[in-house]
Amino acid sequence: MRLSLSADEAPHLPNFAVSELRSSLLTWYAQLGRDLPWRRTRDPYAIWISEIMLQQTQVKTVIPYFERWMTLFPTVDALAKADLQAVLKAWEGLGYYARARNLHRAAQTIVEQHHGLFPQELDAVLALPGIGRTTAGGILSAAFNQPLAILDGNVKRVLARLMALDVPPNRALSALWHWSEAMLDPARSHEFNQAFMDLGATICTPKKPACLLCPWQRHCRAYNLGTQSELPMSEPRAPLLHKIIGVAVIWNDRNQILIDRRKPEGLLGGLWEFPGGKVEPGETIEACIKREIQEELGIEIEVGDRLTVVDHTYSHFRVTLNVHHCQHLSGDPQPIECDEIRWVMARELDQYPFPKANIHIIEALQKSAV
DNA sequence: TACCCGTGGCA
DNA sequence: TTGCCAAGGGT
């Protein structure tokens, strides 16, 4: 098996086939394409928001977030003027929080450099943070019918099967871009790109593709070879690292809880959390929590009863959070390894954006308070 | 280039 | 329970 495939090695798409593939896909889409909220508008702002939310995220998950977002921040200007904390709160639970931080920054750039109007020039769009080639093509084709190709996960999978690609898609990106561009119907790029993605999402699915319903069945190399369930090829992955974490819900004598805001960049950047850290070899949970709180906040606490245990999986590792009630004893908490610290009442916690694993802690707190 | 960056659904 | 992967981009 070869390791990679360059564009000039890519098998050629015959012109007669391209013409038939375009028309059969567009006919299929006119009948069976999905009715999605962001397809009812040509507003580039709304389409931009949907494209960012849909990065690595399924349509079903995105729909309620999209509807709420458009109510909270209906225009570029509204988003640019909003507080980052409010933006992160609207994104809470969607993951990949850099997407929300980039949306906020990009909105401010559009106000400052483009009079608040979403730019139509490809280079200007690509210059905005959080927008790469696929997202730029998706926005500009959907909003302005510009003849720009896309290469999202759906299109990669469809093309990998159509062309019986014998390497993992990420080893053949230039060939895949070449095919996506060759396939695109330049006069109807808006419909074509949407149809291309719908084909991948509803027919050419990762598991058990519905080949019998596929408008491209006759031309599909994988179908004709019977290898559609083996494609696209996948890359081996390293097993997830597992970290054991001690977490403190620290109470003061005014019935308040201590939370901290993470630094603005990196994992869960800008979100709030309950403080804690990794258990070292041979260390008890209680000792870990006491040590971490001393190191990170410079205060003394007494570690009390266990509140809950939370298992959570991130992209590249897994954590088990061992959460204990704690009592503040002495010292004024300092933001040594975070951006900000606050004492808040339990009922105020829902005003702050928290990562999912911490949402579970808040739910456990609400249960234990009843 | 290879790694970082969340969460949910599903088998 | 575990692994896989979904409308990717930044560095």
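Each position is counted from 1, following the chain as shown.
In case you wondered, yes, glycine gets a Cβ from its N, Cα and C as well.
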Per TrEMBL, member of A:Arg262, A:Arg291 binding 8-oxo-dGTP alongside A:Glu273, A:Phe274, A:Pro275, A:Gly276, A:Asn358: A:Arg262
Inter-residue Cα distance where the pair is A:Glu296 (Mg(2+) binding site) and A:Phe274 (8-oxo-dGTP binding site), in Å: 12
Pairwise CA distance, A:Glu296 (Mg(2+) binding site) versus A:Asn358 (8-oxo-dGTP binding site), rounded so that it is a whole Å: 18
Neighbourhood of A:Arg262 (8-oxo-dGTP binding site) by C-beta distance under 8 A, where only residues 6 or more apart in the same chain count: A:Leu268, A:Gly269, A:Gly270, A:Leu271, A:Trp272, A:Glu273, A:Cys338, A:Asp339
Neighbourhood of A:Asn358 (8-oxo-dGTP binding site), C-beta criterion under 8 angstroms, separation at least six: A:Leu271, A:Trp272, A:Glu273, A:Phe274
Other residues, Cβ within 8 Å of A:Arg262, A:Glu273, A:Phe274, A:Pro275, A:Gly276, A:Asn358 Cβ centroid (8-oxo-dGTP site): A:Val247, A:Ile259, A:Asp260, A:Trp272
